[in-house]
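Features as listed in TrEMBL:
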type     : residues                                                        : note
DOMAIN   : 1-362                                                           : domain 'FMN hydroxy acid dehydrogenase'
BINDING  : Tyr27, Tyr132, Arg167, His257, Arg260                           : glyoxylate binding site
BINDING  : 80-82, Ser109, Gln130, Thr158, Lys233, Ser255, 288-292, 311-312 : FMN binding site
ACT_SITE : His257                                                          : active site, proton acceptor
Amino acid sequence: MPSTEIVNVSEYEELARQKLPKMVYDYYASGAEDQWTLKENRSAFERIRFRPRILIDVTKVDLSTNVLGFNISMPIMVAPTAMQRMAHPDGELATARATAKAGTIMTLSSWSTSSVEEVASVGPGIRFFQLYVYKDRNVVAQLVRRAERAGFNAIALTVDTPRLGRRESDIKNRFALPKHLTLANFEGLDLGQMDKTQDSGLASYVAGQIDRSLSWKDVKWLQSITELPILVKGVITAEDTKLAIQNGAAGIIVSNHGARQLDHVSATISALEEVVQAAAGRLPVFLDGGVRRGTDVLKALALGASGVFIGRPVVFGLACDGQQGVEKVLQMLRDEFELAMALAGCTKVSDISRAHVQTEVERFHAKL
C-alpha cells in the first residue's frame, strides 16, 4: 500500500514492518515477555464508550490547550522514542521539525541518535528532555545542563526502569545499535565501564548504567540542579501520585513504558482515572501508551488527562516517509480528534468532561 493511500496511523505500522530490518521493527514494536500489556494498552480503549451530547453548535472546534504554561495547537504530543535514526536517516531531526510544524511538544529520548544540540539546531519548538538517572550523577548533571543550554523546556524523568524489562524479540534478534549510529547525547561523556549483563539485547549500551537505587530522594536532588519543571513518567498508582506531589513533581505522565517493562500491569487508560483522582487537580496528568485514534485522545481527556503522548505511530510514520510521515501521523490524529470532539458536542478542550464517557465498570454497575 503506497503511503499516499494511508488513512489512519495504524496503517503506517504495517508499512514500517515491511520496510524496516526485522531487528529494528521488533525493537520499536515489541513489548515485554508475553506482551499482554502491549495488547491491553489498545484493547482497554475499546471498552470505553462515549456519551455524546447533541444539538450543540460545532461550527468551530478549538483544539488548542496549555501544557506547563506553553500554548500548543492540540493536546497531542510526541513521546520519547529511542534511536530514531534506525527508522530514517534524519531520525529525531525530522521528528523535531514535524512536531514544531504541528505546533505541539516533542519529547527527546536521552537514548536518541541525534544530540540535544542537533535537535535544537532545526529551529524553535517546545521540547522536553526524557531522562534516566545513572549511577554516576555527574553524567546526569551533564545531560541536564546540555538540555538546558539547548533550550529544552522540561525534564521527563522516567522512573519505571530500574532495570530493563525482558523484551524477548530483542534477545532473539541479538539487538544492537547499527554500527554507523551512536547514542549522541553520550558522546564525550565518561560513562566508565559498561555493565555487560545479558538482561536484554540493549545491555551493551548505557542501560547497564541506569541506577537501580533510584528513589524519591533523587527527584529532590534533580530539582536542586535544574530550574526546569520535572514530569514524573511511569506513575500508574494513586500511592505514587501522592508521593510525586509531595516530592515536587510539576506533572505526571501515566505510562507503562509502552508495555516494555513489567508485563501484566494495567493499560495506561485503565490506570489514568486512579491517578487523576489522587492528583485532585494539584498537578496536570498526562497519558502515554496505546493512543492510535483521535477517539482515544477524547477518551483520555474525558477521564481527566491534560494531554496525551504518542510514541510508536510517530516512529512508524518516520520510517515510512521521514518528516512528512510524522507530519501526516500528527495531522491524522488531529483531524480525528477534532471530528470526535464535534460529534461528542465539544467545541473546546475544556468542554470535554467525565460525563462524555462510560467505562466498563459503570456499565456493569448499571446492570445490577
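Cβ coordinates are placed from backbone N, Cα and C, and glycine is handled just like the others.
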- [ ] Which residue among the binding-site residues Arg167, Lys233, His257, Arg292, Arg312 has the fewest other Cβ atoms within 10 Å of its Cβ, if you could check?
- [x] Arg292
Task: Cα within 10 Å of Asp288 (FMN binding site) - qualifying binding-site residues among Tyr132, Arg167, His257 - done: His257
Open item on the list: Restricting to the chain of Pro80 (FMN binding site) and a gap of 6 or more, list residues whose Cβ falls under 8 Å of its Cβ, or answer none.
Closed with: Thr107, Leu108, Ser109, Ser110, Ser112, Phe128, Gln130, Ala156, Thr158, Gly311
- [ ] Cα within 10 Å of Lys233 (FMN binding site) is the criterion; apply it to the binding-site residues Tyr27, Arg167, Arg260 and give the hits in sequence order.
- [x] none
Task: Pairwise Cα distance for His257 (glyoxylate binding site)/Arg292 (FMN binding site) [Å, integer] - done: 16
Open item on the list: Looking only at Tyr27, Tyr132, Arg167, His257, Arg260, which the record lists for glyoxylate, tell me the maximum pairwise CA distance in angstrom.
Closed with: 19
TODO: Run through the Cβ atoms and count how many others sit within 10 Å of the one on Arg260 (glyoxylate binding site).
DONE: 24
